[in-house]
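Engineer: Just passing along the structure, written as structure tokens.
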Amino acid sequence: MMKSILALVLGTLSFAALADDQANDALVKRGEYLARAGDCVACHSVKGGQPFAGGLPMATPIGTIYSTNITPDKTTGIGDYSYDDFQKAVRHGVAKNGDTLYPAMPYPSYAVVSDEDMKALYAYFMHGVAPVAQANKDSDIPWPLSMRWPLAIWRGVFAPDVKAFQPAAQEDPVLARGRYLVEGLGHCGACHTPRSITMQEKALSNDGAHDYLSGSSAPIDGWTASNLRGDNRDGLGRWSEDDLRQFLRYGRNDHTAAFGGMTDVVEHSLQHLSDDDITAIARYLKSLGAKDASQTVFTQDDQVAKALWKGDDSQTGASVYVDSCAACHKTDGSRLSALLPGAAWQPGGAGEPDPTSLIHIVLTGGTLPGVQGAPTAITMPAFGWRLNDQQVADVVNFIRGSWGNGAKATVTAKDVASLRKDETVQAHQGNADIKVLEQQQ
């Protein structure tokens, strides 16, 4: 009888332990998914390095800062962080030692992340990520600008109170989920919302604020982030919800293809999200009204195409375009296939008020990553090695003024030289290879 009772007790304890292990495994797996949604690996890794080990340089107006090691290494990472330490860093912007984090860490967006999701993220980073012994790099910001106490003042003035996201009364649950992902974990506004002179985002949500997601006010690492609102020319007004779903999932659709920093978002984050979450994000973005409701829909102008078809490349920049660009982007500014962006108007591209992204991609090229469902990676070669500053300025002005793009020829050789100086280093920077991360799982 005693043996039977003992066996029953041991069996019950074993079952309970198994159930706990399964629950913990499920929590870690959920945290992994949420880390994908937050695209944590993109900033906290460098190309050729280990995922989440930090070291990615981020240029700021006052110097360069480097992302930190967020692996569970107890000496150089966050292995000795309690849950409270972790959530204070992520949602409040306060490190374990009490220092305020640089707002390159989007803690103002993460302030709405729920306790349940924070606990899952903590479980993943403590138990699902390989520890890496790699010391953090000090910033290149000179003293006295490197002092942290002004950041604490900035945080007190501009960071929102930490308050878990709550759907609005009668809000469509799909829209609510999309809003949570876009405004919270996805931190889309960190790049796509303009900032004030004091560097805070002009809006953290769409609550009566048409600045939200209306496009970056200044380049970020040499790229400008596009308007995600419903504007007809420089926004997503011409896109359907299905267009957005395709772009988010694959980084390409019938309108454009991803370039710049958005390629990392597609590769490391969006391609891994569920169909339901991709739909929720797309539906929420399509619910955003235009910032400038007076914008007319882009209309293609074929005058330049007709001239090029006749062999007339006398317009400044036209001969460079024909020699270097037309094979893929065609003489009418469209594109050879859905794998390539067109040279005619597209959000974030040829007709944008700020030409920085276009100059950047001409100089350094870019790669559209292969993703699940669209495995072919397509690379645009860099042309900075064989085009001088004046030639780059000429072809950028030609593209921006042709096919109905409507921009004036304002780019100078000096503008190109300035950006080229920065891109000499930046072109060789990047993020961790996603395959390295997948091999760890």
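Easy rule for this one: first residue shown is 1, then count along the chain.
The backbone N, Cα and C atoms fix where each Cβ goes, glycine too.
Below are the features listed in Swiss-Prot for this protein:
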- Cys40, Cys43, His44: heme c 1 binding site (BINDING)
- Cys188, Cys191, His192: heme c 2 binding site (BINDING)
- Cys325, Cys328, His329: heme c 3 binding site (BINDING)
- 26-129: domain 'Cytochrome c 1' (DOMAIN)
- 173-289: domain 'Cytochrome c 2' (DOMAIN)
- 312-403: domain 'Cytochrome c 3' (DOMAIN)
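Structural setting of the listed features?
Structural biologist: For His44 (heme c 1 binding site), the same-chain residues lying six or more positions away in sequence with a CB closer than 8 A to its CB are Pro51, Phe52, Ala53, Gly54, Leu56, Ser67, Thr68, Asn69, Ile70. Taken residue by residue with DSSP, His44 (heme c 1 binding site) is part of neither helix nor strand, so it is coil.
Mapped onto three states, the DSSP output places Cys191 (heme c 2 binding site) in helix. Around Cys191 (heme c 2 binding site), taking its Cβ as the centre, 22 other Cβ atoms fall within 10 Å, counting all chains.
The DSSP secondary structure for His329 (heme c 3 binding site) is helix.
In the predicted model, the domain 'Cytochrome c 3' (312-403) has a mean pLDDT of 85.
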Engineer: Between Cys43 (heme c 1 binding site) and His329 (heme c 3 binding site), what C-alpha distance do you get in Å?
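Structural biologist: Roughly 31 Å, rounded to the nearest whole number.
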Engineer: Taking 10 A as the limit, how many CB atoms besides its own sit near the CB of His192 (heme c 2 binding site)?
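Structural biologist: There are 24 of them.
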Engineer: To the nearest whole angstrom, state the Cα distance for the pair Cys191 (heme c 2 binding site) and His329 (heme c 3 binding site).
Structural biologist: 27
